[in-house]
């Protein structure tokens, strides 16, 4: 089995080394094509107005000056060429990708691009348990559970329009209570803020920021948020087709002619 790995934190991110370790447990044919720079929050953006620069860093290790989506396309269509991967792994992200994160996440987008290309794809993210731990997430949980979760899902097959989103809780491996299949949650949006500043010429500029102590989430039962709060590994199947079928049926009564 040939595995293609990417991420959104960049080619020098520690989580990329963790995804390589996980991939090495699954295959002896692992390739890495990752962004040269941090691409967190770029979602599924595709570089159409700038050229892509590809740099070979080492054996089966490449950096692309582009997004995670660019990396998966470049890896699949150029680096590997006619030796197509059998599996795409994106991560391990520094920080969870749950609830509305799935819309913004470059990590999930990398896996989604693999799904679009017809490849079984997984996004992996490690919760770090609060701002004070942002620079020291506990990667050991991802190391301990990542490969086994992927093997079990692959044993039943991944639907062609589905990406698997895996999130690891912020605890020691021995504190993990199990692995649960979840649905996408919804969080309190009170954590977002705008930080305003002035440059040396008095012109305003802004950063999108996050509250250090936001209003706590009340996770719904069966959600990815609830799983992580309970020290469970969360496995969420996400569909590429985002059509709201129930509302479509209502709209059909308004617009569709007999």
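Heads up, the Cβ atoms here are built off N, Cα and C, so glycines get one too.
According to Swiss-Prot, the features are:
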{"type": "BINDING", "residues": "8, 9, 40, 93", "note": "divalent metal cation binding site"}
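Features per Swiss-Prot, on structure.
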residue	record	DSSP class
8	divalent metal cation binding site	coil
40	divalent metal cation binding site	coil
93	divalent metal cation binding site	strand
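Counting other Cβ atoms within 10 Å of each Cβ, the binding-site residues 8, 9 show the lowest value at 9.
Within 10 Å of the C-beta atom of residue 40 (divalent metal cation binding site) sit 18 other C-beta atoms, taking all shown protein chains into account. Around residue 93 (divalent metal cation binding site), the C-beta neighbours below 8 angstroms that are at least 6 residues distant in the chain are 7, 8, 9, 15, 105, 107, 123, 124, 125, 126. Those residues of the chain, other than 8, 9, 40, 93, with a C-beta within 8 angstroms of the mean position of the divalent metal cation site C-beta atoms are 7, 10, 13, 15, 38, 39, 68, 91, 94, 95, 105, 106, 107.
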